[in-house]
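Peer 1: Mind looking over this structure? Questions follow.
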Ligand SMILES: CC(=O)N[C@H]1[C@@H](OP(=O)(O)OP(=O)(O)OC[C@H]2O[C@@H](n3ccc(=O)[nH]c3=O)[C@H](O)[C@@H]2O)O[C@H](CO)[C@H](O)[C@@H]1O
Ligand SMILES: [Mn+2]
């Protein structure tokens, strides 16, 4: 008979410390679960040893998509270097770097099982359009390529540095990240698109959280669906001469109202030091770099 832990059917019997009290993985100062039963990932709520073992057994490969168009290639070196130290340590990783300047992609030494893939794409004159077109490009590459190469996609901004562990605890079918400015805010203050004419419109009495445009992901299939819907919504608006207030972030927020994420990342995963370092943050894992907008945007 197939009894748990008999050792005969399973190649490997877990070595996780069974004496550990699971009640330790709980925090009372933060929301740990949404009303639709999606965990919200905060330091102190999970055991990375158990998670790492589960994902290693599946030999999961994670794709990290990042765009460095025009001057934004200056961010790649720090981004990749810090990702090598903190992103999915011990797992297989493909970095997908979308750029119009492949010659400016730095050669950063990579650990075993990790690859850089440079994807040459066009640029656009306006930074807003560059940011928004990420949806279209991630969508088309998901279908052509990512689906054959990785299980999960993690889609992030490039003007960032990793500052602490970002591991498999983030992975789920569909995940978004609480925007650092709004994680403690009321629905009324969320900066959703409020013009009913826009496809990104969210009515005042809807919406759960305000998510950041700079960190989302999921299985390739779920990211494919998300980016398809967001890109289509943008194109409908564009034909009417509308661009949502926070570009791709607005369309992402609209999507998450109706297709709720199965996991949510706390602002540990997307922080901005302009907001200080509140007590609630036990780790700051991914940090916005200060940038001089005049010098870097539209260049
Ligand atoms: C941390 C975070 O949540 N950031 C979001 C926020 O803006 P940010 O002010 O952080 O936007 P940003 O200037 O970082 O642009 C978004 C991203 O587009 C890429 N890029 C942009 C311009 C350019 O010339 N070259 C280039 O490569 C690059 O990967 C960059 O990180 O709002 C944007 C839309 O308004 C996006 O939703 C961002 O994801
Ligand atoms: Mn950014």
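The backbone N, Cα and C atoms fix where each Cβ goes, glycine too.
The annotation UDP-N-acetyl-alpha-D-galactosamine binding site is assigned in TrEMBL to 67, 68, 69, 72, 157, 158, 159. The Mn(2+) binding site annotation in TrEMBL covers 157, 159. TrEMBL lists 249 with the feature active site, nucleophile.
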Peer 1: Reported as an integer number of Å, what is the Cα distance between residue 68 (UDP-N-acetyl-alpha-D-galactosamine binding site) and the residue listed as 'active site, nucleophile'?
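Peer 2: With distance taken Cα to Cα, the residue listed as 'active site, nucleophile' is 18 Å from residue 68 (UDP-N-acetyl-alpha-D-galactosamine binding site).
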Peer 1: So which of 67, 68, 69, 157, 158, 159, listed as binding-site residues, have a Cβ under 6 Å from an atom of ligand 2?
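Peer 2: Close enough to ligand 2 are 157, 159.
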Peer 1: Determine which residues of the same chain, besides 67, 68, 69, 72, 157, 158, 159, have their CB within 8 A of the center of the CB atoms at the recorded UDP-N-acetyl-alpha-D-galactosamine site, and list them by sequence.
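Peer 2: Neighbours within 8 Å of the Cβ centroid, excluding 67, 68, 69, 72, 157, 158, 159: 66, 73, 75, 76.
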Peer 1: Can you tell me the three-state DSSP label for residue 68 (UDP-N-acetyl-alpha-D-galactosamine binding site)?
Peer 2: strand
Peer 1: Counting every protein chain present, what is the number of Cβ atoms, excluding its own, within 10 Å of the Cβ of residue 157 (UDP-N-acetyl-alpha-D-galactosamine binding site)?
Peer 2: 20
Peer 1: Around residue 67 (UDP-N-acetyl-alpha-D-galactosamine binding site), how many other CB atoms lie within 10 A of its CB?
Peer 2: 23
Peer 1: Can you check which residues sit near residue 69 (UDP-N-acetyl-alpha-D-galactosamine binding site), meaning Cβ under 8 Å from its Cβ, same chain, 6 or more apart in sequence, and list them in order?
Peer 2: 98, 99, 100, 101, 121, 123, 124, 130
Peer 1: Just counting, how many other CB atoms are there within 10 A of the CB of residue 72 (UDP-N-acetyl-alpha-D-galactosamine binding site)?
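Peer 2: By my count, 25.
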Peer 1: Using a 10 Å cut-off, grab the number of neighbouring Cβ atoms around the Cβ of residue 159 (UDP-N-acetyl-alpha-D-galactosamine binding site), all chains included.
Peer 2: 18
Peer 1: By the DSSP assignment reduced to helix, strand and coil, which category contains residue 249 (active site, nucleophile)?
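Peer 2: Its secondary structure by DSSP: helix.
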Peer 1: Could you tell me the C-alpha distance between residue 249 (active site, nucleophile) and residue 157 (UDP-N-acetyl-alpha-D-galactosamine binding site) in angstrom, no decimals?
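Peer 2: Answer for this pair: 12 Å between alpha carbons.
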Peer 1: With every protein chain in view, what's the tally of Cβ atoms within 10 Å of the Cβ of residue 68 (UDP-N-acetyl-alpha-D-galactosamine binding site), excluding that atom itself?
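Peer 2: Excluding its own Cβ, residue 68 (UDP-N-acetyl-alpha-D-galactosamine binding site) sees 22 Cβ atoms within 10 Å.
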